[in-house]
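Working notes, beginning with the structure itself.
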């Protein structure tokens, strides 16, 4: 009986589908009294590759510029993930797509994340991630992390916490004894590490954390304590389920004196996964995204660790309890502790950019095949990307994403070649780019979600889901607003130093301050606005003027008896404007550097268009250009018209520009391809 029902149901579906296909092929419609309906055939999907103009530039060469390095390793890892059922391959519309199953519970997502890590480890993905030496090994590691993040942000964060935070702390805060004991086991996942810095009561203000560690000279052990509830370690990735060890950031008290924040290694689980004595762990619970990461909370109750577990590259404690450091100034010592942590901001800036690429590739491909309305009576429906309004929504974001790519590549380059003398520069640039890229990503994903209409709500199409997965980037590894204030403070320090010493500005790209003040033409024309000289001038003018204004306002407050810190607080709006000005100018310089590597031809031409779009849409959107008079109202109107012109010029290149991202089809949403076939009745029965 059941079999006959099943066969009957199957035959009904086959007959239904056959009728639909027959009508479609014969351009017939169901019988209807409505003549308007009868004049339109069924919609069909036509790949944009068949209808869009051929690329005028070399897509492979553009991808080399965009990815920057290790293209073969990237493609190898894409292929490795496609080979395993662990990455949840599904056929949709005749194509294979891979993406996490977000219908799973957080417990299931956490478990599959660990299984994926095991698969990657067994296939050699993590080789030399901690034991390698030199920029080449670091660039390979960063490239493979890029690919992992394109598949799943949770997987990338889980790996990043283990290798970049726990492993990075061992490598950079520790000395040879720590390297010998921990790095190889970390690389092979014998040890599973986490990073206990953030507390319930303190996040960005690391100097204010409340966990306390004292030294017991009789046993030569450190004793770690959580003295109050606000001192519990919070949002610690890996702590809730899997981590066996953690780096604990704590105030170090020696002989009743607080020596400031230091880092210690503590075991939190044994080899069987049991929580160690005197340690309590709780789950942070379900989140709006990143549920593949087991964020936890940790309390320490007189947890004893050997003296050797102090990560002692900056300071040490002798066996008899004497505090030893070559850096006597507490501020400089704290800065030395924080310097190696820039890796988190570097990887966030890069992953935010790739997330924006996924959103744009999906939304733009959809807009090249989806039609709506007609502009003439009884005329055909129009591709939605052929509407100027739709171009205006997406193409400026595409140009900004190109700019963020070049900025991210530059950031990675200076990071892997860092020296102690570069710490300050990397801190400032990584802070600026992390904030700028993560803000840009969230705005891009929202616009792409809306541009895809209802399809943007479907998890399988990725765009909407990515909003929840990447939202956290605006606040972790430093709240974006706080980071921008740090950028402005650093710029002010450079300004004050240069003025007091009467020496030229040097570093952070501030050399333009040594030149005469740029002048913006009273009447802007298209040809001038597209010149790199004008674009550089107006960005430098904004940064220069805001820095001078900020310095003057802080100086005025101090002359009235206010502290420098309070003066910063009062002038936060100028500080925010200055931080953005610095970041935009620095991003432009990375774009120009990348562009300079291309000698001539179509690739050079299209990069010029994209750069001009990036600059001019920034002029249009940032009210600071009008507020402080860098643009007149007339010139602002001219800029707006030029942005519209650039949209129409970039429109024919939209497909080629997103194809240059180098993201395999399987890692985009199905809506980017045959969205009709994806949604046929028969697909719902699989």
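Counting begins at 1 with the first residue displayed.
Any Cβ shown, glycine's included, is placed from N, Cα and C.
Residues annotated as active site, proton acceptor in TrEMBL: 477. Same-chain residues at least 6 positions away in sequence with a Cβ under 8 Å from that of residue 477 (active site, proton acceptor) are, in sequence order, 341, 344, 345, 348, 434.
Positions annotated as FAD binding site by TrEMBL: 198, 237. In this view, residue 237 (FAD binding site) is surrounded by 26 other Cβ atoms within 10 Å of its Cβ, with every protein chain counted.
Model confidence over the domain 'Acyl-CoA oxidase/dehydrogenase middle' (194-303) is summarised by a mean pLDDT of 96. The domain 'Acyl-CoA oxidase/dehydrogenase middle' annotation in TrEMBL covers 194-303.
The domain 'Acyl-CoA oxidase C-alpha1' annotation in TrEMBL covers 341-492.
The domain 'Acyl-CoA oxidase C-terminal' annotation in TrEMBL covers 539-669.
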Inset, instruction - Over the span of the domain 'Acyl-CoA oxidase/dehydrogenase middle' (194-303), count residues by DSSP class, listing helix, strand and coil in order. - result: 6 helix, 54 strand, 50 coil
Inset, instruction - Sort the residues of the domain 'Acyl-CoA oxidase C-terminal' (539-669) into helix, strand and coil with DSSP and give the three counts. - result: 107 helix, 0 strand, 24 coil
